[in-house]
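Contents: one structure, followed by commentary.
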Amino acid sequence: MSQQLKKRAKTRHQKGLGGRAPSGAKPRQGKSSQDLQAEIEPVSAVWALCDGYVCYEPGPQALGGDDFSDCYIECVIRGEFSQPILEEDSLFESLEYLKKGSEQQLSQKVFEASSLECSLEYMKKGVKKELPQKIVGENSLEYSEYMTGKKLPPGGIPGIDLSDPKQLAEFARKKPPINKEYDSLSAIACPQSGCTRKLRNRAALRKHLLIHGPRDHVCAECGKAFVESSKLKRHFLVHTGEKPFRCTFEGCGKRFSLDFNLRTHVRIHTGEKRFVCPFQGCNRRFIQSNNLKAHILTHANTNKNEQEGK
């Protein structure tokens, strides 16, 4: 690059001399030797490449009319170095833009994380206080836990007076209500015409569709038909009296036809009593829900006798 610039400068200098006599020629008439020497003296320029810049130093006696002027040098500088400088500026601006964009994205992520943390903290403190009474009532978790014998909701059961024996007895025979609004949104309707059943997921739907299928498995003893062969085998144990499910606790060995009955029986050995009496002051616990319901009726009869005595 440096050699090319020197060559171009030399060529332009020779053109700038035009028809002037060489340095060894005789001086013209009418001009002194000093004036002529100043006229033909070339521009003293030093060219160098310094990290992308052109450094030049014109001679102290350079003439403004010379072809090899500051204007020419400026053009050379623009032609050789303007574009890379612009590219460097563009790159700097791009980096600044990416930096700002990254900061904005990071700020957005921090904001989202903060929002999620606030939401989780809000849920942890307890949103249930602001829920509608209908949801906190019979459709609440406390109500369902009570119906399974775990605990009584604080404040009692909505719409039921436990001091009234009739309402208490009626409540003892009730089952947990179904949240129809929730089921209508999440359940899958049975596609069979005339069937209004709704299932919670596809696995339950596939199992339910077997009901509408042909009942090819018929009991030879009583003629009852079943969709699945496993159901027929379980039913046939009623006729044979076979009890394949045996209690493995030491000293027991009691046998059952159904695995459900075995699981209920095992609670006797484990001492698990899941169903608790909800009445205040009564801490009775029971293995089966039917025993709890029967026990609740005793409270109803006691309250009735007390009212009659008054």
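Every residue, even glycine, has its Cβ placed from backbone N, Cα and C.
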Which range is zinc finger per Swiss-Prot? Of 25-49, 75-99, 275-299, it is 275-299
DSSP tally for the zinc finger (275-299), helix/strand/coil in that order, comes to 11 helix, 4 strand, 10 coil
Neighbour count check, CB within 10 A, over recorded sites Lys231, Lys233; minimum at Lys233
Mean per-residue pLDDT in the zinc finger (245-269) works out to 84
Taking DSSP helix as H, G and I and strand as E and B, the zinc finger (188-212) has 11 helix, 4 strand, 10 coil
The correct DSSP tally for the zinc finger (245-269) reads 11 helix, 4 strand, 10 coil
